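What Swiss-Prot annotates here:
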- 1-265: region 'Amidoligase domain' (REGION)
- Ser13, Lys186, Thr187, Lys188, Pro189, Thr190, Gln191, Lys222: UTP binding site (BINDING)
- Ser13, Asp146, Ile147, Glu148, Lys186, Thr187, Lys188, Pro189, Thr190, Gln191, Lys222: CTP binding site (BINDING)
- Ser14, Leu15, Gly16, Lys17, Gly18, Ile19, Asp71: ATP binding site (BINDING)
- Asp71, Glu139: Mg(2+) binding site (BINDING)
- 290-543: domain 'Glutamine amidotransferase type-1' (DOMAIN)
- Gly351, Leu379, Gly380, Met381, Gln382, Glu402, Arg469: L-glutamine binding site (BINDING)
- Cys378: active site, nucleophile (ACT_SITE)
- His516: active site (ACT_SITE)
- Glu518: active site (ACT_SITE)
Amino acid sequence: MTKYVFVTGGVVSSLGKGIASASLAALLESRGLRVTLLKLDPYINVDPGTMSPFQHGEVFVTDDGAETDLDLGHYERFSSARMSKRNNFTTGQIYKSVIDKERRGDYLGGTVQVIPHITDEIKLSIREGAKGADVALVEIGGTVGDIESLPFLEAIRQMGFEDGPANTCFIHLTLLPYIPTAGELKTKPTQHSVKELREIGIQPDILLCRADREIPLDERRKIALFTNVRPEAVIEVLDADSIYKIPAMLHEQMLDEIVCHKLNILARAADLSVWKRLVDALEHPEHTVNIAFVGKYVDLTESYKSLSEAMIHAGMHTKSRVKIHYVDSEQIEKSGVDCLRGMDAILVPGGFGKRGVEGKIAAIRYARENRVPYLGICLGMQLAVVEFARDVAGMADAQSTEFDPTTNHPVIGLITEWLDRTGQVEKRSEQSDLGGTMRLGGQPCTLKNGTLAREIYGADSIVERHRHRYEVNNTLLSELEAKGLVVAGRAPGTELCEMVELPPAVHPWFVGCQFHPEFTSNPRNGHPLFISFVRAALAHQQKDSA
């Protein structure tokens, strides 16, 4: 029988429930338990796929093509569990499912209500997502007290009652703000947050208290007294300069032991040797590299969360501190590329819409002409093809039809047909809905022998995750290849272009990929593409300093 750990948050949002859940998952996994994680989001969108990055941050894509919350990226990076569409659901999905059932007549003419129909659907989704795990960690998005979260909180309250205290554990994450004028941490917000939770019918078993300084023992005892939580289960979570230090911080306060005891689980001692090695690599780099991220969502770096984490992982595996410089592509359009001088490498990530595109193309041109290592991801690959077509192949008006439908040289166009991960044919048109209609999830790619891509991956065939609706136009690709562009990877069956590069005689490291390799990078193994990219940046740095 699967046991459940429910993680809620109080006082303010963005306290780090996702990191806390992922860190606990890492601890339980190190004790030999099979773990999975679920994220319940209270917004009414069916998924975050059409939400602005400024509103939601990154959209994390799973192997099965689900567009999900960025916390699922943390789950995969901290544990060996692979996420799927069963691991993230929203109020929109729950209500849509219930309404569809009502329209089919599944409720036999009954009045459909929040309780029991919505809460039953939530419980069903949780149990489906938790199948096969010893422990399922379920994170409830939002903050206790939000009206949107109430059906989710009621559902987990019912699960606590149905499954019993030996099979459920409730963790509440709160904030202890420091008031400079008083010179002390304040516990009252935590007390009121727990009071609100208890009014709903949930008594937390463990409190994780965020603070920017050590919480005095007397204050912890006070919190325990007023919240009805055991003193040893009032755990401080101090601000850390790296999220990868959190598992050890929680383990030192015996969080995993407290959870196992609450759930009546006999498990081996935790082995954190891998995490200690990773933190040591993070804290003792031998080099520093400067990499420019040229994008349009740089004011909210959460939009590139998996990318920035993938660069940190690559740094761990190359003994390097990777210093990311976020560059607004619109600023390049206004002021030129001088801001890129001195960079050891340039990366252009994915994105949507015309704003800032010419600035990205200017950055790509700078990287190509100055032999600066370049990695283009998704739109970053497409724009590398556009830049090559314009400045090398002589197609002066080359563009993507996403930005100029009337161009005479549409080197990038809408994908109208492709094979999904199950081999079924998917078709799209300009009139298709925006939500859930992209080429999504894990897709195979065959690499060309003798290419840099083949050398980097060390394999003839790979599977990477995708999220796009535009692709390189095969009808013009032969002209670009004749001018020196190398197609390093193609999708079998459809021959869609998946990777491009420049020959080593022209450029030491210039690679574009249509997929998103950042979604499969983790601190334990890194990702070969990012590791090679950082090594190329180091080589460029050493060449410049010679």
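Backbone N, Cα and C atoms are what each Cβ position is placed from, and that goes for glycine too.
Among the recorded positions Ile147, Thr190, Cys378, the ones whose Cα sits within 10 Å of the Cα of Gly351 (L-glutamine binding site) are Cys378. Using Cα positions, the member of the binding-site residues Ser13, Gly18, Glu139, Pro189, Leu379 nearest to Glu518 (active site) is identified as Leu379. Here the CA atom of Glu139 (Mg(2+) binding site) lies 11 Å from the CA atom of Gly16 (ATP binding site). Candidate binding-site residues: Ser13, Ser14, Lys17, Pro189, Gln191. Nearest to Glu139 (Mg(2+) binding site) by Cα distance: Lys17. In sequence order, Val348, Pro349, Gly350, Gly351, Phe352, Lys360, His468 make up the list of same-chain residues 6 or more apart from Leu379 (L-glutamine binding site) whose Cβ falls under 8 Å from its Cβ. Between the CA atoms of Gly18 (ATP binding site) and Thr190 (UTP binding site) there is a gap of 19 Å, rounded to the nearest whole number. Gly16 (ATP binding site) falls outside any helix or strand according to DSSP and counts as coil.
Cα of Gln191 (UTP binding site) to Cα of Gly380 (L-glutamine binding site): a span of 48 Å. Mean pLDDT across the domain 'Glutamine amidotransferase type-1' (290-543) comes to 91 in this model. A separation of roughly 13 Å, to the nearest angstrom, links the Cα atoms of Gln382 (L-glutamine binding site) and His516 (active site). For the UTP site listed in the record, the two most distant Cα atoms among Ser13, Lys186, Thr187, Lys188, Pro189, Thr190, Gln191, Lys222 lie 24 Å apart. It is Thr190 that, of the binding-site residues Thr190, Gln191, has its Cβ surrounded by the most other Cβ atoms within 10 Å. Summary: among the binding-site residues (Gly16, Gly18, Pro189, Gly351, Gly380), the fewest other C-beta atoms within 10 A of the C-beta are counted at Pro189.
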